[in-house]
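Reviewing the structure listed below.
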Amino acid sequence: MHNEAPITRRKSKRIYVGKVPVGDGAPIAVQSMTNTRTTDVAATVAQIKALERVGVDIVRVSVPTMDAAEAFRLIKQQVNVPLVADIHFDYRIALKVAEYGVDCLRINPGNIGNEERIRTVVDCARHYNIPIRIGVNGGSLEKDLQEKYGEPTPQALLESAMRHVDHLDRLNFDMFKVSVKASDVFLAVESYRLLAKQIDQPLHLGITEAGGARAGAVKSAIGLGLLLSEGIGDTLRISLAADPVEEVKVGFDILKSLRIRARGINFIACPTCSRQEFDVIGTVNALEERLEDIITPMDISIIGCVVNGPGEATVSTMGVTGGSKKSGFYEDGVRLRERLDNDNMIDQLEARIRAKATILDAARRIDIQQVEK
């Protein structure tokens, strides 16, 4: 029930990764990357399907060898989500996966080779109508830029990116997006800000090698949150040393928190104190797990007492305000006569939230049909 974010997005060109639109006002796409051995086709396919179930828009797959390229062909046949092939060092692998139907090529200018090899990759991408992501990384800058700047700086990352943007421009190829990732939040943020002023291509956001599940999520939320709040960014990936499924969840949580893109339930819950009338923490944890399959955007407030409960509930799709033995229940901002038993809170809320999701989905389908007419 909250309003959309007061964010004006940076204008950028439109490209497509498979059927997913990127840039020019398209929804910000959430990306992840497999961490299986690509040659283990079954494991990689299983992981991609797990990512699909939590709503991933694009999946990147590392293709380090020709054997991995052959495995990629089999993987591509078994999944629905667009796949980006991550290519380093051997440009010939890019040519092979392009033949096998890759949806996007990610190349690192610092290690893909000389200009002639880049030209060959670009000509191949043009032939198959495949976009490219120029992936600049603070940890793998070109040697001459390392010598020039001494260490990764925003200017160094910008110069690396612009060097290869200019190269693609000379080759008359404009189906590309760019990233300038770094593990340091300030370095990454400033690099993206500089790049956003220089080009109008879509930008892929990320804080590279951000860390484990908790620290990496925090670091990514700060860095990407700053950029997204300034309207910068068209796709994103949360790089975590964790299950890739968690990357997707954190990515959507960041977009949801900024009210940029809603998917699933936004739980509003108090941290609890001695005033709580029911187990708020247990209730929220259980509902988050039980309702992971719900993709309908909803704000659900779960507050343990009457201090802030009514205020939050009146601006939520559904809300609970803690009371003695039974708690107040709100729907669409209106308090209902019906109260919920504190001892059976989780089951009652799950049933009501699922029913509400069904109603909202049906209404949305009707709206879409009317627009199409």
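Each Cβ is built from the backbone N, Cα and C atoms, and glycine gets one as well.
Over in Swiss-Prot, the protein carries these features:
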BINDING   CYS270, CYS273, CYS305, GLU312  [4Fe-4S] cluster binding site
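Distribution of Swiss-Prot features across the structure.
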residue : record                        : Cβ neighbours (10 Å)
CYS270  : [4Fe-4S] cluster binding site : 20
CYS273  : [4Fe-4S] cluster binding site : 10
CYS305  : [4Fe-4S] cluster binding site : 19
GLU312  : [4Fe-4S] cluster binding site : 20
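Classification of CYS305 ([4Fe-4S] cluster binding site) by DSSP places it in coil, neither helical nor stranded. Other than CYS270, CYS273, CYS305, GLU312, the residues of this chain whose Cβ falls within 8 Å of the Cβ centroid of the [4Fe-4S] cluster site are, in sequence order, PRO271, THR272, ARG275, GLN276, VAL280, ILE303, GLY304, VAL307, ASN308, GLY309, GLY322.
Under the DSSP three-state reduction, GLU312 ([4Fe-4S] cluster binding site) is assigned to helix. In the three-state DSSP scheme, CYS270 ([4Fe-4S] cluster binding site) is classed as coil.
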